[in-house]
Each structure stands twice: as structure tokens, then as C-alpha cells.
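What follows is a short report on a single structure.
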Amino acid sequence: MVKRSRRRGAAQWATVRAKAGRTATDENEDDLGSPPSPGDSSYYQDQVDEFHEARSRAVLAKGWNEVESGEEDDDEEEEVLPLNIDDENDEDGESSEEEEDGEDDDGGSSVQSEAEASVDPSLSWGQRKRLYYDTDYGSKSRGRQSQQEVEEEEREEEEEAQVIQRRLTQALQEDDFGVAWVEAFAKPVPQVDEAETRVVKDLAKVSVKEKLKMLRKESPELLELIEDLKVKLTEVKDELEPLIQLVEKGVIPPGKGSQYLKTKYNLYLNYCANISFYLILKARRVPAHGHPVIERLVTYRNLINKLSVVDQKLSSEIRHLLTAKEGAGKKDLNPKAKLTKTKPKSAKQTDVNADLTEEPEFDEAALEFYKEMEDRPELKRKKEENSAEEQALEEQNAKRAITYQIAKNRGLTPRRKKIDRNPRVKHREKFRRAKIRRRGQVREVRREEQRYSGELSGIRAGVKKSIKLK
């Protein structure tokens, strides 16, 4: 192949020189006759440019098939201006060079073959450079393949990548996960003897104020979490547990209200449990900074803060439920008993509650019912005002009604006290005032039922009622 390429290059160069020799005189005459026109190629190119252009045209005319076949040859560059040397001399030189190379490589061929035999065939390099080119990323190779072949190649590539990844993972060692490379860039820290810098403090001799100061400096969130734990446990015990009992007994029907109470109850319990775990870490002197419990506490606190908006809206209803439970129990929670103001029999109490929960108007939580009960007086007042206005509009053309003064017709009757209207109450009040006056005039007899045990109201040591002698 090398000989053929050299012959082809020599022949082309000889043809160009022959053409250049034949046309040199003609071109000189043309140049002397008239200058080249701008449309002529000689106006822009010389002989060397024309040679390269003709060569590129010939290559394009032959097509890419011959170019690809030429790439399969050994990586020998084709000479542009080769020397016109006989082929026999070239063959002799090549044979001598091959013999010299063979003599040089005989010593290392055995060692190289042994090294190649010890390598896994799947990890060894190929023998030809062309195997590593013309991948499936180009449009040319994909165009001649079907969709099924392309998918098969992609699947094989994926499997091969997984095999390589598993092999690399198995090759990892413990040193690969260390931070030795970071320690190399770290600044050397001067080592100080702990016995010289450590100050031993006797906490028994430290005052409470100093202890609190040290505690706030070390972990400022500890005291706040303790106070928050006390508040949340008190709220769970006094408010949420009674309401959860009402939900379990069916007094508060299932709905959004009961779901809200259960959510808040579980949220508070989880928050208190995480605070308790944090306190255990502090008691065991375990560093809590960066511990997952800190992130968990922040999450629960954010959720509790989101519930504060709903707590403000339902605070009055919750207080009403708690007072009703502490006072009259389930009887006060029965809406039909409040509307009719009658005392149903105890045997029918459960039936009434069951009917109320089954009716569609009581599908919502009991909290909404008490909200309606609070709004009832205002609705009644508005209804009365509307009825009064309607009555006034209807009686605009009627006669004017008499006033209270005309209806009573008291005239010049003197004003009397209200107590004079009822003689029994009047004499009772008169007797009460007489007893008070009698107690101030005559001392009541107090018989000695037991021995003297001192003044009942106590003796004031600072009081002096004696008169000094003059």
C-alpha cells in the first residue's frame, strides 16, 4: 500500500510539472499580451493553488468509500512532493528496516506477550485504532440501522456501563473514603497540653445565677424548650384530653372539628417526646448540635405555629365545650334540650343524641353548633328590628297610639317607694334594721361552751389604749 501511494504521488507530481513546462511559454506570452481578467482563476490562484484544488476535486469525485478504505492502512502520511526514487531501492530499504525492527523487538516480544496474556480480555485494548472511531453518535451509522438494532445497541451500552460501574465499586478500598487529601491542605494546629489549659470548676460552689449564665451560653435554647414543654403538657392535660374523650364517646360527631382535635393532640405529643429526647441528650452530655432531633423540633414548631391561626378562631368554642363538660356534662351538650328548655328523661338521653348525630344538620362538629348558639341573640335582635320596621310601615296611615303616661293616667299622684308596694317585704326589712340597732345597744349573752382559748380576732401588739401618768 505504501509503494502504491508513493507511485501515485510521483505520477501526479510529474504530470503537474509536465503541464507547467508546456504552458509556461504560453502563459508568459499571454501575460505579455494582456493581464488576467478577474473572472479567470489565475487572477486569484497560482500554480500551487491550482494543483491542490485539482487534487481535492479528484478526491471528491472518487467518493468517500475510497477515503474510508485508505484510513484502514497503517498510519502512513502520503507525501505531497515525493522524491522520484526507484521502487526496487524502496523495497530494499523497507526490508532492511523491517529486519532491524524485528531484531530489536525480539527481546521484548516475549515479555509483552506474557503481560498481555495476564490481562482480562474484556479490559484489554484493541489491536486497531479504527475500532475506537465511528461511534453511534453520528447520523451516518444510525441512518443505515433499524429502530430495533438501535435499541439493542443502546441496551448493550447500558449493560456495559453497569458492569464497569460494579467493577469500579468493587475496586474501592477504605482509604478511598477518607479525608487524608483534606488533611494535607489543613494548617498545622499547635498542640497544647490539656493539663495546662483545663480549668476544673466545682459546680457545688458556683451560685445559681452563674450556673444559669453558663447554661445560657452553652445552649440558649434549653430553657426555652423546657418552658415550652411545660406549657404544651398542661394544654394537653387540661384541654386536649377532655376533648378527645368527647370525640371517642361520640358527643362530638366525626367531622372537621374532631379531625382537627386529633391532629393537634398527636402533634403536641410528638413535639413533647422530641423535647424529652433532647433533654436526655443534655443529661448524658451528648453534643446535640447537628443532631437530627434539632431539625425535627424545628419542623414540629413550624407546624404548631401554622395551627395558631385556627386556634384563635376556635378558642371560644373550645372554652364553651370545656365548661359544658365540667358543669352539666352531656346534658348541656344536647342542642335539643337547650332549644326546648325541657328536661328529657335519662332513658331517652342516648336516643336523642343518636338522632342528632344522624340528622344531616348535625353532620358538622359540635363546635359549629355552639357558634350558632352564640350568634342566636344577635339574629333575634335583627329579626325584631325588621319586624318593627315592617309594622311601622304598615301603620303609617293608622291613628297614632297613646303614650305610657296617657295609659297610666297618674296625674298628680306622689311618687312612692317600690318597697311600699309589698307590705311583707317592707316589714321584713324593717325588722332586719331593728336587730342591727339592738346589737349595738345591748350586748348579747354568750354562754361559755368551752374554755377560753384566746381572742378569736387576735390581739394587736402595737395598739395602746392606756393613758400615761402625768
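Each Cβ is built from the backbone N, Cα and C atoms, and glycine gets one as well.
Residue-level annotations in Swiss-Prot identify, among S37, S219, S37 as phosphoserine. The list of residues near the compositional bias 'Basic and acidic residues' (441-452) in space but at least 6 beyond its ends in sequence, with Cβ under 8 angstroms from a Cβ of it, is empty. Helix, strand and coil counts under DSSP for the compositional bias 'Basic residues' (413-440) come to 22 helix, 0 strand, 6 coil. Annotation note: R376 (citrulline) sits in a helical segment as assigned by DSSP. Note: the CA-CA distance between S146 (phosphoserine) and R376 (citrulline) rounds to 79 Å.
Highest local Cβ density among the modified residues S146, R376 belongs to R376, counted as other Cβ atoms within 10 Å over all protein chains shown.
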